[in-house]
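So the structure is just underneath, and the comments pick up after that.
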Amino acid sequence: MLTSRPPFGQVPTRSNISGTALKPKLLVLNAGSSSLKFKIFGVEPLVAGMGGMFDRIGDSANCTLKASAPDPLGGKARKWELKLPASDHTSALQEILGFISENVSGSFSREVVAVGHRVVHGLDISAPVLLDTAAIDRIREAAVFAPLHNPAGLQGIEAAQRVFEGVPQVAVFDTAFHATMPPYAYVYGIPYELYDKHQIRRYGFHGTSHKYLVDQAAAMLGKSVSETNVITCHLGNGSSVAAVQNGRCVDTSMGMTPLEGLLMGTRCGDVDPAVVLHIESQLGLSAKETDNLLNKKSGLLGVTGSSDLRAVIEAAHKGEARAQLGLDMLVHRIKKYIGAYTAVLGGKVDAVIFSAGIGENSSLLRGLVLEGLQGLGMEVDSELNQQAVGGRQGDISAPGSRVKLLVIPTDEELSIAQQTLQVVGTGSTNAAAGAGAMAA
Ligand code: ADP
């Protein structure tokens, strides 16, 4: 139900809330150009609370805040949907805070000990960083490779710096987990100066998810992360695969931008670069039009007419040839990467992991991908495969499978919260009360 709340007048600042004992919290933010996703975490222990999204920022008549919070007693999640005006990310964040203070904790703004931000591109930065002027300059510099995402991320950071003055802010980069790739995996076969002078190379994305999956897989396998060799398949609207040796990424399918690699919802993935030149020179498309065609009109959408795998599967079942072709292309490409990364890992693969919307829900897709891979030591148990859907973690390997086949729901927000906490240190939970007390 859409409800309306009176315009939000006053942000609950650190100084105008007093009262009960403070419970340290982390706030995770993921800013898009007109959206702001958020999630609250309790810190001791690290537990997810309310999360949501402010959408259509800048379009005052249509701004919407959607939120949900788990029921502490394990019942149905509470859900909200409100129309609230927000002209920019700062006012959206203020509205979110007002909403949280009304519905979660009146002293929330004093309880926040750190804010973790998802940032898409961090060039070769290999770890989460405390946001200072140098880090912000680096994010700005990386915007050349992520022209839509990084400026949006910076808007979220600026908003949080204004609203949470003095609270440590941490950037967690989608690229960071892949910074351990060796040069032979990340340098492209084009003149070396393009890498050296212009930083054109493979960076890889979804790193926060891949890292989370490796950590979870290590726990499921009963190994330390530094002994874990896995192939992680993050299969959603955007999809990527990573080869992980001894807990470190050694190759990944996305490249300088998220366009390379697997066939995706609307992105083409791997194509002969000459196709791009041909489209521009022979069909007369501008660079911008080609960019739009390859990123927004290609992939499953371009081949089948739908970017949603569920619709593609349904149409394929009805006998639509193009839908079947798109499905076959998707499966073939994932298989190719699993085979290639098995070779990159010297055949020593502890597990293949499936995650994200497709990987977590489509037992059909997983089954098709794993069909015929017995030679690589991968044997799926079809019953277990059917059961591991709807966000359930599961081991879907048949008893004889040398390589474990795991379904692991990804949780990028939790990973950002964990990494943020690593940067600021758990000692900051005491600093929280201190910061609040000082301001008060
Ligand atoms: P995003 O990259 O936008 O976060 P998601 O990880 O949510 O995307 O994945 C979205 C994709 O997952 C869509 O292609 C959707 O069709 C697919 N998907 C979700 N549930 C199923 C399902 N039960 N069967 C097949 N595909 C599914």
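Glycine residues also receive a Cβ, built from the backbone N, Cα and C atoms like all the rest.
Keep in mind that TrEMBL annotations are predicted by a computer and have not been checked by a curator.
These figures come from a predicted structure and were not determined experimentally.
Summarising the annotation, TrEMBL assigns active site, proton donor/acceptor to D174. Long-range Cβ neighbours of D174 (active site, proton donor/acceptor) (same chain, at least 6 residues apart, Cβ-Cβ under 8 Å): R118, V119, V120, H121, G122, F205, H206, G207, T208.
Taken from TrEMBL, the feature Mg(2+) binding site applies to N30, E412. The secondary structure of E412 (Mg(2+) binding site), as reduced to three states from DSSP, is helical. The Cβ of E412 (Mg(2+) binding site) lies under 8 Å from the Cβ of R118, T208, S209, Y212, each on the same chain and at least six residues away in sequence.
Residues or ranges marked as ATP binding site in TrEMBL: K37, H234, L235, G236, N237, G238, D308, L309, R310, G357, I358, G359, E360, N361. Cβ neighbour count for N237 (ATP binding site) (all protein chains, 10 Å cutoff from its Cβ): 16.
For the recorded site, R118 (substrate binding site), the DSSP three-state label reads strand. TrEMBL lists R118 with the feature substrate binding site.
The number of other Cβ atoms within 10 Å of the Cβ belonging to H206 (site 'Transition state stabilizer'), over all protein chains shown, comes to 30. The site 'Transition state stabilizer' feature in TrEMBL is assigned to H206 (among others).
Cβ neighbours within 10 Å of R267 (site 'Transition state stabilizer'), excluding its own Cβ and spanning all shown chains: 26. The site 'Transition state stabilizer' annotation in TrEMBL covers R267 (among others).
Among the recorded positions L235, N237, R267, D308, R310, E360, none has a Cα sitting within 10 Å of the Cα of N30 (Mg(2+) binding site). A count of other CB atoms within 10 A of each Cβ picks out E360 as the most crowded of the binding-site residues D308, E360. Here the Cβ of K37 (ATP binding site) has 19 other Cβ atoms within 10 Å, regardless of which shown protein chain they belong to. N237, D308 are the recorded positions among N30, D174, N237, D308 whose C-beta comes within less than 6 Å of an atom of ligand 1, given in sequence order. Separating the Cα atoms of R310 (ATP binding site) and R267 (site 'Transition state stabilizer') is a whole-number distance of 17 Å. Of all Cβ atoms in the protein chains displayed, 24 besides its own lie within 10 Å of the Cβ of I358 (ATP binding site).
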